[in-house]
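Trainee: Before anything else, here's the structure in question.
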Amino acid sequence: MESTFKEMDGESVLDMEDKAGVGGGVKDVYGEDRASEDQFITPWTVSVASGYTLLRDPHHNKGLAFTDKERDAHYLTGLLPPVVFTQELQENRLMHNLRQFTVPLQRYMAMMDLQERNERLFYKLLIDNVEELLPIVYTPTVGEACQKYGSIFRRPQGLYISLKEKGRILEVLKNWPEKNIQVIVVTDGERILGLGDLGCQGMGIPVGKLSLYTALGGVRPSVCLPITIDVGTNNKKLLDDEFYIGLRQNRATGEEYAELLEEFMSAVKQNYGEKILVQFEDFANHNAFELLAKYRTTHLVFNDDIQGTASVVLAGLIAALKVVGGTLADHTFLFLGAGEAGTGIAELIALEISKKTDAPIEETRKQVWLVDSKGLVVTSRKESLQHFKQPWAHEHEPVKELIDAVQAIKPTVLIGTSGVGRTFTKEVIEAMASFNEKPIILALSNPTSQSECTAEEAYTWSEGRAIFCSGSPFESVEYDGKILVPGQANNAYIFPGFGLGLIMSGTVRVHDDLLLAASEALAAQVTEEYYAKGLIYPPFSNIRKISANIAANVAAKSYELGLASRLPRPKDLVKHAESCMYTPVYRSYR
């Protein structure tokens, strides 16, 4: 006798009726075109799962939480100890165990093991303890995990597409067991955080990002696909490492690289349809800008390093205006770092000022200055500048050092995206504090070791007056008897809710106005209570609510621009976003 393994109140996919407001107006018989709802699909319509097999299935395994009745029905009696735990008790036990580890990488590995063993418990743990566990599954610990990925690799957590698969990428995509994919995070591993070229071992980034899509944005895990494109690595240390898991060759470039990416993007659309969201992650500058420019008009693509970072930083700046006063147009911005993050943030700031003042973007760009490795980006250097830096070359005499640029430009906002640690020196911060009552200092480079300065340094050198944010987390600082709480300009505020908004509205292309909508929604979540603590971002403990509001604002803008394909538009987009969000509580099985 075989187990039916049916979820309580479940329904067969064949019995599902199309619900109003979802499915683009076409009856969706198999439930495959729903936004990001958790489908009550009866597992036995796909495969029979029972006994030992069920305990090895992370999507449906509940471990010690199977009741006596469920154990009898599904041939589990004797395969588990007699005790029955609630999901809450399992959570408490796991958090107790995780806190015993003193090395962050051990916690990371324990979390990855849990994800492979019991998916719902993994996400419940992450959602309920987000502030404690976010630095483990995401920055900064994920950086160390990528560096050592070859040594800690246990099971495939995503798809690896290498040069060896050229000509049959569509076939490789079909090997992934889930067919209804709605979001892909893809990297080629060339610029992992501030750690450089980690080749095939960059897989930790897409895996971590998609965990956050589910935990923070409520996008179902079954519709998420992490992908690493392996074109080789120029990291000699990895090529000489006997445990390296990627191709042992230098990076492919030029036509060979472009052809592989072209085949990949075509195969993705062919296999998953027009509305598949492809998020580019940790590509090197030259490829990141090129890929975004090439595919943004033909695919639903998003680059988190360029656009996500820009959106979250802009949100912090909009919120900071409540503290420092004025409008964005009243401020002057100086960046240390002119790569994809720096220029992406700069462009979105200029765009927001342009929208609010009706000034041409060519004019509003003049309020933003960039410093790269050769000094201030100025017109006299224009001929030698990469194309993405050229719009930021303004009339000014050449300036080599950051401190000289700060003294010459006198910015109100200093932003670090250089990937080089400790570059905001005492001299730089003191200069910012000398002509700003409340200097805004954003040290955004990841991981923590690459941060341009620490929270303590920013507060101490500015005499406690700085509004400080970083990319990686820092502890609170006591200065002059006052507790100062540093903010974290973390992309995890934006991309999960942004992605949910695109998916639930059936958006077909990403427009810059959608990024502005996400920024404004995040800034609106900062209350007076948070301002009183010096915060310009809300706490991560409210992240699911924040993501729902971001998703609703992004979807509203998409409908307004005519980019949304799921019609009719739901009346209450916030409630609709919340109804679409995956909830990882256990189901009861018959």
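Each residue, glycine too, has its Cβ placed from N, Cα and C.
What TrEMBL says about a protein is an automatic prediction, not a curated fact.
Just lifted these from TrEMBL, have a look:
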ACT_SITE  TYR138  active site, proton donor
ACT_SITE  LYS209  active site, proton acceptor
BINDING   ARG191, ASN446, ASN490  (S)-malate binding site
BINDING   GLU281, ASP282, ASP305  divalent metal cation binding site
DOMAIN    115-296  domain 'Malic enzyme N-terminal'
DOMAIN    306-559  domain 'Malic enzyme NAD-binding'
Trainee: Between the Cα atoms of ASN446 ((S)-malate binding site) and the residue listed as 'active site, proton acceptor', what distance do you get, rounded to the nearest Å?
Mentor: 15
Trainee: Per 10 Å Cβ neighbour count, which of the recorded positions ARG191, LYS209 ranks highest?
Mentor: LYS209
Trainee: Minimum Cβ neighbour count within 10 Å among the binding-site residues GLU281, ASP282, ASP305: which residue?
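Mentor: Counting other Cβ atoms within 10 Å of each of the binding-site residues GLU281, ASP282, ASP305, the minimum falls on ASP305.
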Trainee: Averaged over the domain 'Malic enzyme NAD-binding' (306-559), what pLDDT does the prediction give?
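Mentor: 95, rounded to a whole number.
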Trainee: For the C-alpha pair, I'd like the distance in angstrom between ASP305 (divalent metal cation binding site) and ARG191 ((S)-malate binding site), rounded off.
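Mentor: The Cα atom of ASP305 (divalent metal cation binding site) is 10 Å away from the Cα atom of ARG191 ((S)-malate binding site).
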Trainee: Taking only the recorded positions TYR138, LYS209, GLU281, ASP282, which one has a CA atom nearest to the CA atom of ARG191 ((S)-malate binding site)?
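Mentor: Closest by Cα: ASP282.
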Trainee: Any idea what the Cα distance is from LYS209 (active site, proton acceptor) over to ASN490 ((S)-malate binding site), rounded to a whole Å?
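Mentor: Answer for this pair: 12 Å between alpha carbons.
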Trainee: Among ARG191, ASN446, ASN490, the annotated (S)-malate contacts, find the widest CA pair distance and round it to a whole Å.
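Mentor: Max span of the (S)-malate binding residues, Cα based, is 18 Å.
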Trainee: How many other Cβ atoms sit within 10 Å of the Cβ of ASN446 ((S)-malate binding site)?
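Mentor: Excluding its own Cβ, the number within 10 Å is 24.
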Trainee: For the recorded divalent metal cation site formed by GLU281, ASP282, ASP305, which further same-chain residues have Cβ atoms within 8 Å of the site's Cβ center?
Mentor: THR187, ARG191, ILE192, ILE205, PHE280, PHE283, ALA288, ASN303, ASP304
Trainee: Of TYR138, GLU281, ASP282, which is closest to ASN490 ((S)-malate binding site) if I measure between C-alpha atoms? They're all recorded positions.
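Mentor: Answer for the nearest of the recorded positions: TYR138.
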Trainee: Sorted by position, what residues of the same chain at least six away from TYR138 (active site, proton donor) have a C-beta under 8 A from it?
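Mentor: TYR138 (active site, proton donor) has long-range Cβ partners GLY208, LYS209, SER211, LEU212, ASN490, ALA492.
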